[in-house]
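Participant: Annotations for this protein, taken from TrEMBL, read as follows:
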{"type": "DOMAIN", "residues": "40-151", "note": "domain 'Microcin J25-processing protein McjB C-terminal'"}
{"type": "TRANSMEM", "residues": "21-44", "note": "transmembrane segment"}
Amino acid sequence: MKPLRNAARKLRSVFRLTPFVLVWFPFAWVLMGLSRVAIITVTFRSLSRFFGTLHGVDPVVPMLSKNQERRAFQIAKLVSTTARNTPWESNCFPQALVARMMLGIYRIPYALYFGVKREGTSRELLAHAWVCSGICAVSGGDDSFDEYTVVGCYGAQSWRAVTP
């Protein structure tokens, strides 16, 4: 009976998804898998060509129109939903790559960040990747800037960072 209850619960949750997530989910699921494979098999240097323009370590966030902002929040929901429903590990890096690709499809400016922090008494170095677009944390969480030191920022080709 338990598998039947689980299937019913999953079916109910599918009906609660927005049309945007329902339409894009299969594509995002495949992208998440391909991103995971690329991360495992391709060097970071080779992958970085697809991140966008390197802006250094200064965290910059592009401004969006209201429509772009709305779409960025939809993409954030899609990425988090997809990551929860993959049989493989979909940690921050594949999520960031999928978020970057989806924002690119809609020509929405983004910033892809890589950060590090020291953890606990062992002082182990932890890495994190996240994507921001306007006020939306598309992947990686809202508190990434507070917890991690930015070591690299890549942005969409269509905008340039302005440093004060």
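Here the Cβ of each residue, glycine as well, is placed from N, Cα and C on the backbone.
Because TrEMBL annotations are produced automatically, they should be read as predictions rather than curated entries.
Structural setting of the listed features?
Facilitator: Shown for the domain 'Microcin J25-processing protein McjB C-terminal' (40-151): DSSP residue counts in helix, strand and coil, namely 46 helix, 28 strand, 38 coil.
Sequence-distant contacts of the transmembrane segment (21-44) (same chain, at least 6 residues past either end, Cβ-Cβ under 8 Å): 14, 74, 77-79, 81-83, 85-86, 88-90, 93-95, 97-98, 101-102.
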Participant: Over the span of the domain 'Microcin J25-processing protein McjB C-terminal' (40-151), how high is the average pLDDT in this prediction?
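Facilitator: Within the domain 'Microcin J25-processing protein McjB C-terminal' (40-151), the model's average pLDDT equals 92.
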